[in-house]
Amino acid sequence: MAKNIVEKIWDSHVVYQEAGKPDLLYIDLHLIHEVTSPQAFEGLRLAGRKVRRPDLCFATMDHNVPTKNLPTINDPIAKKQIMTLADNAKEFGIQLADIGHPDQGIVHVIGPELGLTQPGKTIVCGDSHTSTHGAFGALAFGIGTSEVEHVLSTQTLWQSKPPTMEIRVNGQLGIGVAAKDIILAIIAKWGIGVGTGHIVEYTGEAIRNLSMEERMTICNMSIEAGAKAGLISPDQTTVEFLRERRFAPSAESFDEAANYWLSLASDTDCTYDVVLEINAEEIEPFVTWGTNPSMGTGVSKTVPTSADYTSESDKSALNKALTYMGLEEGQPISSIEIQHVFIGSCTNSRLSDLRTAANIIEGKKVAPGVNAIVVPGSYSTKAAAEKEGLHKIFLDAGFEWRESGCSACLGMNEDIIPFGERCASTSNRNFEGRQGAGARTHLVSPAMAAAAAIEGHFVDVRKYVTQVV
Amino acid sequence: MEPINIVNSIITPLDRKNVDTDQIISKEFLKRIERTGFGRFLFHHWRFDAQGNENSDFVLNKPEYQGSQILVAQDNFGCGSSREHAPWAILDYGFRVVIAPSFADIFHNNCFKNGILPIRLTEIECDEILAKGLASPYSVEVNLEAQTVVGSDGKVYSFNIDPYYKQMLLNGWDEISLTFQYEDYIKAYEDKRVAF
């Protein structure tokens with residue numbers, strides 16, 4: 001019987017199955033960071049339990065780490081949390097990319113970089129953006145701290161098999177339109193709850209044409225559509241990305257592994273519980289105007305008005321969002337002035353993101369009154385970018401070039417947007433207070449963020465990129 | 001975790017949809033390495049203004065809802081971040097039950113691990129309960145065994161729940177201890193597991 005990739009991976013990971021119970025699933029890779037793990041390790045200690053498979057765990061610090069003046073960590077509570085992870089990794093024998101280690105970085109950036117992320121694996125992390133790893137055709141999802149403890153103890157999780165959803169992106173993406181715009185368009189079209197309870201597979205010509213880094217951007221934001229996980233069937237692009245990565249299969253077994261990975265792709269006549277379709281041609285560079293990721297529109301458009309909504313609860317949500325964001329109904333998106341630009345996060349901080357942004361700003365200057373920072377997703381990304389001289393382009397334009405970490409995506413470190421100020425951000429969430437109390441976040445692609453940095457307000461980046469491509 | 005079956009309390013009507021876990025517990029409170037003590041930070045930026053003064057309009061600050069153990073909200077409650085600090089804060093504040101038309105998956109899972117009962121009622125039923133609770137304090141009795149929410153006006157709302165998670169909550173089971181009973185299956189799986 002024809003199967004989709006979710007069914008193939010699920011069926012091959014069932015440890016125990018019984019009617020009336022969730023399935024007991026084996027977990028192949030457990031990624032760990034400092035914020036959602038301390039209580040789990042403490043739970044193990046209190047119960048006198050061990051980590052069952054430390055060899056299948058990999059830990060790093062990312063959420064709290066400062067992105068300047070390292071190795072000093074000024075915040076004593078953050079420092080304690082970071083030190084606690086180092087102590088726990090040592091006590092339980094888990095491999096750690098510590099602060100200052102060349103492998104350190106955002107957990108969802110380093111997993112793929114190191115080749116830990118591979119097709120067909122079940123991957124979990126105490127972080128909702130674990131869906132990123134689905135770009136490789138892995139079944140990857142975020143879990144809570146109690147589940148982190150459960151995986152540490154048993155290397156398994158009880159999971160009910162969710163229904164599947166295909167989101168097919170037909171046709172070709174326009175020049176200057178990014179993977180970020182695809183996922184923001186999907187969420188705007190169907191809402192932040194569309195994927196709730198489902199695992200999404202992204203398919204179609206536009207998805208097939210994306211690089212691995214672009215696929216990661218799409219899968220990363222699956223959770224912003226409510227999905228449990230989002231993935232893309234592996235193909236030759238996936239295989240080539242993994243070749244010669246440190247934790248990828250060695251040269252002797254690589255071909256065998258690659259054949260297995262390719263066999264996991266959804267069968268052509270497989271089915272899904274829900275199918276949605278969107279045309280890539282109708283997607284333009286996106287900007288969010290509200291306080292959840294579905295509140296976004298094309299850069300040529302205007303902020304909605306209450307007349308655009310029928311239900312009272314939607315009108316009220318619009319009103320609340322615009323009050324928080326300090327915007328007027330019907331205001332053109334291009335008239336929104338920004339004071340901050342953040343290029344970073346597990347969504348858009350990889351080498352290709354930095355290259356795209358650098359292309360836009362090369363030879364130009366950040367607009368007066370705009371603070372712009374670049375936070376590479378990992379030390380490896382940072383080193384690669386510096387080798388190409390990208391840091392010079394950013395610095396010459398007036399950007400700050402920072403150390404790696406989650407940074408202003410959630411502002412757990414000092415990288416906070418001040419009250420009432422506005423940020424063009426390549427991150428994934430524009431919730432109230434996400435980047436700092438009272439901060440106003442607009443989610444955009446790296447190219448759109450770079451263009452906004454130069455002009456001081458949102459602008460259609462396609463006027464820049466037609467010359468570049 | 002503490003078993004749960006019957007909860008009798010006035011409801012706290014939080015008339016919002018898409019309440020994300022960033023609002024439930026803001027990032028500045030995630031640096032603590034304990035599981036407890038998050039209740040005083042619940043909905044911090046809605047409860048307090050930038051100067052730290054109580055916002056008297058916010059439902060949690062209204063005197064008539066103090067002591068409530070049942071939170072009622074609209075669609076897609078708990079969306080966004082996986083932070084289990086969100087259910088820890090809800091529990092530590094004193095809530096044992098959250099009622100909404102739908103929940104985000106990770107938050108929903110996290111509730112079961114902490115002895116919080118998440119109840120899905122229809123949007124119409126939630127709207128009705130919210131309206132009653134907003135008009136004047138409204139008490140209900142939640143009965144997990146019977147899978148009912150019975151209002152002080154006699155109105156009965158029934159809900160569905162996965163039987164596995166129902167037993168977990170009723171008995172307060174530690175899931176890890178349960179899973180250890182399947183050690184032989186895990187070992188057998190590991191013996192035949194394909195890894196490159």
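Note that Cβ sites are derived from N, Cα and C of the backbone, with glycine treated the same way.
Keep in mind that TrEMBL annotations are predicted by a computer and have not been checked by a curator.
Per TrEMBL, these features apply:
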- A:Cys346, A:Cys406, A:Cys409: [4Fe-4S] cluster binding site (BINDING)
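Mapped onto three states, the DSSP output places A:Cys409 ([4Fe-4S] cluster binding site) in helix.
Listed in sequence order, the residues A:Asp62, A:His63, A:Ile106, A:His108, A:His129, A:Gly344, A:Ser345, A:Thr347, A:Ser349, A:Gly405, A:Ser407, A:Leu410, A:Ser427, A:Asn428 complete the 8 Å Cβ shell around the [4Fe-4S] cluster site centroid, once A:Cys346, A:Cys406, A:Cys409 themselves are left out.
Using a 10 Å radius centred on the Cβ of A:Cys346 ([4Fe-4S] cluster binding site) and all shown protein chains, the other Cβ atoms total 27. Here the binding-site residues are A:Cys406, A:Cys409; the one with the fewest Cβ atoms within 10 Å of its Cβ is A:Cys409.
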